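What Swiss-Prot says about this protein:
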ACT_SITE  Glu87  active site, proton acceptor
ACT_SITE  Glu160  active site
BINDING   His84, His88, Glu185  Zn(2+) binding site
TRANSIT   1-56  transit peptide
Amino acid sequence: MLRFQRTVPRVAIRRLANVYSEGAVLHGYKVRRAQEIPEMRMAAVELEHEMTGARHLHLEREDQNNVFSVGFRTPPPDATGVPHILEHTTLCGSQKYPVRDPFFKMLNRSLANFMNAMTAHDHTFYPFATTNQKDFANLRDLYLDATLRPLLRHADFLQEGWRLEHRDVGDASSELVFKGVVYNEMKGQVSNADYYFWIRFQEAIYPALHNSGGDPEHITDLSYEDLVAFHQNHYHPSNAKTFTYGNFPLRDTLRKLDDEFRGFGRRAIPQMHEKPLQLREAVSVEEPCQIDPMLPADKQCRTSMTWICGNPNDVYETFLLKILGSLLFDGHSSAFYKKLVEETGLAYELSVNTGVESQTAANFLTVGVQGCTDVGQVHKVIMETFTALLAQPFEKHRVEAILHQLELSKKDQKSDFGLQLLYGILPGWVNNTDPFDLLSLNSALQRFRADWDREGDGLFQRLLNKYVIGKPSFTFTMVGSSDFNQVKDQNEQSKLKAKVSSLTESDKEVIYKRGLHLQELQNSEQDLSKLPTLTTADIPHSSGHYFVSRDGPITTRQTDTNGITYIRMKRPLKGAIPYDAYPYIPLYSDGLMNIGTLLEDASAIEEQIRLHTGGISVSIGVHPNVETRLSELYLEISACALNSKTQYVFDIINKIMNETALSVRSEKMKVLIRAAASSFTSYAAENGHDLARLHTGAHFSQTQAIMEQTAGIEQVRHMNNLMSIIEKEAEFNTVLQNLEAMHRKIFVADGLEVMITTDNRQTSDVVKDQALKFIAGVQQSAGAESWLPEKYSRRALEKPYPALLQFPFQVHYTAQSTQGVSYTHPDGAHLQVLASLLTFKHLHREVREKGGAYGGGATYNATDGIFNFFSYRDPQPVRSLNIFRNAGKYVLNEARWTADDLNEAKLSIFQRVDAPISPSSEGLLQFRHNISDEQRDRRRQQLLKSTLDDVRRVADIYLVQPSPSQHMSAVVGPELPREVWSSQWPVIKV
């Protein structure tokens, strides 16, 4: 059997080194150096543009998912968010593409599987990834013109940044309020308690690096003139770092870059001056934060201690620090997790800033906690633990486990490998760290192994003595304040009042007319003919088929896995879990992997997993049947290991599943519950629209109703209930005993299947034998009662009012759901096209541009048959719900969609359908979701053949004709003013 491996032949790498030899000049670029990186099957070339000094890094690899990025060093001068707002406004039109918002227009004129722009703490970059060479050229052209020659119109600054505008734009008597996309985005961002702690910590320890995203209290100080000046000072080729990855010709990109850059000339770039605090003595900072409703009143503190540990430009020492950080902080066996969380119960979880982080000109080593009471005792235990570490050797197997994970990370081929390399390189590269050093993992590992063999623990003890023991620290603490959000609101209103009071009547007239003008611009039709586009002719008519072989309970696939074997298991649960036990599913899954077994604690199990495998996970998945939409629950286990270590996977899974201690290790279970509770509010602040969608979708779908119990607002309420009984021994033990009983019915051989993905027949045969022996050793049947999916009823539909899911945020999230059809029904494809058209041709304008929400749109869940609307970080949630409610009528009565619009909608869908997948995921859709290649092909043709008449027909059937009670809505966020919402809305408080 002929097997084709996607590798970079050494001959090709040598050819690359010959073409791009040091000193060679190509299209205005001089080659600085070229280097083979065999462990990644890749070659790297660094070049410098002779005229401007712009640097380019190319990573040549036989990967069809090519990446391009242009980035600039953009240290913020203040907290107004000027780098962030500039990132938005550069993408609102350029000299070559003078249409409004070409970036969002290109989202559905392309087959790119990734397009974005990102503002980091001291740099801004614009990456995309695509497998289509024509698409690559189109997007590269758009990104370069957008960043170097943006129009930066005042109207775009007002829309994307901030503005004063009447609440009702058409009513000059309505109150003036702050509006703006970034303004509302950051109000939502600071509602995330983890982010707020992290950003305030960063600002305190590194005051020279301001909040690049922008503090809502300061965003309204930014002027349009400041924005334009910041672009002129920073967006210049001499300050640029460009990046390419993949197998497209480098020459084409160099030629294009030279054409774009040569008119700029060379400019002196200001040297980096941003330095962190100079800790000549200990520094302590304390600030208030919002109350976390998931935590007890006496656990509303977060605190951390930080030491500054050299410069990231010393790549090897930074590498050592990160290994040390993993030993100190990662996992159950780490010293600080044990001392601060597990053994003493001083806190619920380690803090978000715990670890080793490289930030511009400094490495920080930080250890902190959240959910604590006695801050002084936490700091005392931290210092005692560091001192004890000097006398206690690190276990050799823990170090070997870390090295094993690093080795696996080089071999594990992710579909976004190029993007991940970019994310790892760019922060150091913009701050003068050698990118080749950042790529040379092998040399760092070899040097470390030699040093570790020679010095052992002395290697880490030297670092602790150099930077931590007896050295000044920076302590940062936040304490929950009951009036925190009220104070924030008052500050906003005071600032608004001050700005409004300074306005003359003439100013107010200008603001009113400006608001009308902006609305007129937002409503205007754009001439998109200047924008490049692909067509449906560029979409392959058949999708990739991944051949799998099935023999009894074993499914196998051979592909290029680079020496790794991936193992998946599934078992239909049928009657194993009664529906009233569904809220316990997350605790069950978490407990299996994190409390240990009867004979070994969690630390021992975790170290075995890290030392011998690439990871093992156990979960309960719920998937709708693609024909009937009835829910099907599965036990799902995923793992991977080097081809030579697959037996460890089965041995460890057998140990976890057959020797579980769910009802024995009660104290460890309490630790897990507290940690989950301490992180849920931050999760909700990032995913409020998902919580809303689960709540509304639960009215129409068994799958969504179950997920509402396991991951939605019902899980929040369940978690609160667990927290209330956690110290009531009898009640809590009953919970654990029920989990144990549930487990005995879940893990049986009846229906158990295994999928093996590896790169050669010999390994496949070996692992197949291991899997069959594993199945034979599992209990055959649990005698579970029959469970019928239809027994899990959907929510009653008698209350068509939106529900308010109340959280202490500064902005809202919304969702509206309605019933669709099954995956195999032909209308499903038309509904998916409708969702894309509504998003890009209606909702983006109405919800984001006019309404000021950070995001909004429509989605169609193809497997579950639910049509969803959503908005994200939305200052006007009720307005958005009204837009959603009338969307069907808009399609029938107002939309003037064209064949080009339909073409673009299909392109946006196939970006996701045809996005590259990793070798480990090939064939997984068929194994896990029971969707065959034939069903995928049939749906593909339905999507390609969908017409505008089809779209209008399904809009009428599924959006217009259903009664109001068949459209369910929800809002996540703070209480709404009574004048904008109905008292009939049910309110669900966390």
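Counting begins at 1 with the first residue displayed.
Cβ coordinates are placed from backbone N, Cα and C, and glycine is handled just like the others.
Other than the site residues His84, His88, Glu185, same-chain residues with C-beta atoms no more than 8 angstroms from the centre of those residues' C-beta atoms, the Zn(2+) site, are Gly81, Ile85, Glu87, Thr119, Glu160, Gly161, Val181, Val182, Met186, Gly213, Gly214. Ranking the binding-site residues His84, His88 by other CB atoms within 10 A of the CB puts His88 at the bottom. Under the DSSP three-state reduction, His88 (Zn(2+) binding site) is assigned to helix. Across the structure, Glu160 (active site) and His88 (Zn(2+) binding site) are spaced 6 Å apart at their Cα atoms. Applying an 8 A CB threshold to same-chain residues 6+ apart, the list for Glu185 (Zn(2+) binding site) reads Gly213, Tyr854, Arg873. For Glu87 (active site, proton acceptor), the count of additional Cβ atoms within 10 Å of its Cβ stands at 24 [all protein chains shown].
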